[in-house]
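Trainee: Pulled these from Swiss-Prot:
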ACT_SITE  LYS305  active site, proton acceptor
BINDING   ASP236, ASP260, ASP261, ASP264  Ca(2+) binding site
LIPID     CYS27  N-palmitoyl cysteine
LIPID     CYS27  S-diacylglycerol cysteine
REPEAT    158-179  repeat 'PbH1 1'
REPEAT    180-202  repeat 'PbH1 2'
REPEAT    213-242  repeat 'PbH1 3'
REPEAT    245-267  repeat 'PbH1 4'
REPEAT    274-308  repeat 'PbH1 5'
REPEAT    336-358  repeat 'PbH1 6'
REPEAT    359-391  repeat 'PbH1 7'
SIGNAL    1-26  signal peptide
Amino acid sequence: MFKRNDRSKNGFNALRLGVSFVLASSCLIGTAYADVPSNNLPSTTLTEEAVSATDSAAASTTLAAGDLYVAPNGNVSNPGTISSPTTLEAALTQIAPGKTIYLRGGNYAYSSTITIQRGNNGSNGSLKGLVAYGSEKPVLDFSAQAFGSANRGLQLNGDFWLVKGLEVKGAGDNGIYIGGSNNRIENVETHHNRDTGLQLGRYSPNASTSEWPANNLILNSYSHDNADPDNGEDADGFAAKLTVGSGNVFDNCLAAYNVDDGWDLYSKTETGPIGAVTILNSVAHHNGQTSDGTSTANSDGNGFKLGGDKIKVNHIVKNSIAFQNKKHGFTYNSNPGTITLTNNTSWDNGQSNFAFDKGEHVFINNLSFEGTASDKTSGTDQDNSNVWWKNKKTTNAKGLAASADDFVSLVPSITRGADGSIQLGDFLKLAKGSDLIGSGTPSGNIGAR
């Protein structure tokens, strides 16, 4: 448990009761089929033997042209129409570029990984789609898997795919693992997996650096309560680490109650620097233990971990928020490069709100308030536009200061819209009359809100 639980204002248990989450419903891309009933479909469990048999049958079954439909009770011999749905495995082998696999709602129980193979690609302007049908909620449930690094949930090794509106839980390793490039992952929820909820990395140990996943967009997604049962130091909310290329973006994503970090952008000496990652409009809170209190002494608990092994990578973090994480809000984690942080807010984290001990980092319009330890800000404080927390008080070279009165509310309230977007209400929003409004450079406010 957090050592700070005795603080009635900020204690983990007290806050957990005050934060409400509204899970997003899926959105259909394209036509809304209002004439088709949204019935509750039964669950089905596929063993490894059944998956193998399904794959064999799928190879000999020609599915309907165009969009395909799958359901928990779909049959591999069905053509994949809405009235006669097929299986997910069969649909993945035959969907054409520019077409969509629609998943009906219900529980899809698997004991082995669902893989979109290398070479199973869409194209620029003609993505292959794996999308929840209407407002229904398809749940890919891998709880039957054993804990182990080979037991991922959904593994996307192909390029140019849209994955939207899915819930993925219980995997023996990562919930979703992305080894392909130019994919769009939207409004997904990954939780209670036994490693990072959603991770990017090379599809094979033999993949060259030019094949590392690049130009993927993770949008409006939520990753929570992921925990590895062996040591509690591996399972993050989101990770683009070890073996990722350039151009990967996280936008409007939420990471909470993961046993290790919210985001992990770790580089390792053995594999060298990763490509620069961009994080926008995202929130990390209460990482370092799960919502039921699971943690270990090894659980780091950073909101945004932005490096590793003293390797330079110039990441970008903008308009993002870290609060009440076990350790740091934003940390360079030994990355001595030039990380650019713009209009971020960090509040009440277990150690420093901003921990950048070394490097040539660039800080613009960031706001730190009520950290447990002083901020460390090696680099350029552009135009003295940042308000830091040092020696238990705010500091700014131009005389700006932050107090509780500068915020409409310091009571966390987080919901998600139907599209998965984060809704914060008045939480950490600057109050009318605050001198932080309009004091940014070259214009605008200081902080994320």
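Just so it is clear, glycine is given a Cβ too, placed from its N, Cα and C backbone atoms.
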Trainee: Ranking 213-242, 245-267, 336-358, 359-391 by the number of C-beta pairs under 8 Å to the repeat 'PbH1 2' (180-202), which range is first?
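Mentor: It is 213-242, which has the most Cβ pairs under 8 Å.
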Trainee: What are the helix, strand and coil residue counts for the repeat 'PbH1 5' (274-308) according to DSSP?
Mentor: 0 helix, 9 strand, 26 coil
Trainee: Out of 158-179, 336-358, 359-391, what stretch is closest in contact terms to the repeat 'PbH1 3' (213-242), meaning most Cβ pairs under 8 angstroms?
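Mentor: Of the candidates 158-179, 336-358, 359-391, 158-179 scores highest.
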Trainee: Taking 8 Å from the centroid of the Cβ atoms of ASP236, ASP260, ASP261, ASP264 as the cut-off, which other residues in that chain fall inside it around the Ca(2+) site?
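Mentor: Apart from ASP236, ASP260, ASP261, ASP264, the close residues are THR196, ASP234, ALA235, GLY237, ALA239, ASN258, GLY262, TRP263, ASN287, ASP300, ASN302, LYS305.
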Trainee: Report, in whole Å, the straight Cα-to-Cα distance of the residue listed as 'active site, proton acceptor' from ASP260 (Ca(2+) binding site).
Mentor: 10
Trainee: Rounded to a whole angstrom, what is the C-alpha distance between LYS305 (active site, proton acceptor) and ASP261 (Ca(2+) binding site)?
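Mentor: Just about 7 Å between their Cα atoms.
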Trainee: Need the DSSP three-state call for ASP261 (Ca(2+) binding site) to compare against my parser.
Mentor: coil
Trainee: Within 10 Å of its Cβ, which one of these binding-site residues (ASP236, ASP260, ASP261, ASP264) has the largest number of other Cβ atoms?
Mentor: ASP261
Trainee: Could you please provide the mean pLDDT value for the repeat 'PbH1 1' (158-179)?
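Mentor: Here the predicted model's pLDDT, averaged over the repeat 'PbH1 1' (158-179), is 99.
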Trainee: Across all chains shown, how many C-beta atoms besides its own are within 10 angstroms of the C-beta of LYS305 (active site, proton acceptor)?
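Mentor: Result for LYS305 (active site, proton acceptor): 28 other Cβ atoms within 10 Å.
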